[in-house]
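Here is the structure we will look at, set down as structure tokens.
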Amino acid sequence: MYKMQLLSCIALMLVLVANSAPITSSSTKETEQQMEQLLLDLQLLLNGVNNYENPQLSRMLTFKFYTPKKATEFTHLQCLAEELKNLEEVLGLPQSKNVHLTDTKELISNMNVTLLKLKGSETSYNCEYDDETATITEFLNKWITFCQSIFSTLT
């Protein structure tokens, strides 16, 4: 009788240990580098948008972006991935006039690759978006804050 309870207890303990096993250090290091790259790309885009020489900023601010209600986990990166196409279109407006945003397509492409590495190929996560939309600067700032938060937990 006690043997069955002991085996059940051991099985439960093994499941708990397996589910809470830490990521290997090389995997953590790679994730840190990918998060840092994503953070740098977002900051670069924000700097280009906020550049005082950007004649299209007022026009860019009229476009609205969706942000998740609460972005706290890697699965929320799916929400960013879903908005990247819209971001690329808006950032493409001033390309001919704004030196700081000339490599938009390459940056967005790099971000897509980085996001795929970070979140994996799993796309079944459905984003719950905030009721209010965000301007391009609010959108970028929110994702920068998210990346900084995740990055700080990794280091």
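Every residue, even glycine, has its Cβ placed from backbone N, Cα and C.
Of all Cβ atoms in the protein chains displayed, 20 besides its own lie within 10 Å of the Cβ of Cys79 (disulfide bond). DSSP assigns Cys79 (disulfide bond) to a helix in the three-state reduction. According to Swiss-Prot, the feature disulfide bond maps to Cys79-Cys127.
Under the heading O-linked glycosylation site, Swiss-Prot lists Thr24.
Per Swiss-Prot, the feature N-linked glycosylation site maps to Asn112. Cβ neighbours within 10 Å of Asn112 (N-linked glycosylation site), excluding its own Cβ and spanning all shown chains: 15.
Marked as signal peptide by Swiss-Prot: 1-20.
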Listed in sequence order, residues with CB under 8 A of Cys127 (disulfide bond) and six or more positions away: Tyr66, Pro68, His76, Gln78, Cys79, Glu82
Three-class DSSP secondary structure - Asn112 (N-linked glycosylation site): helix
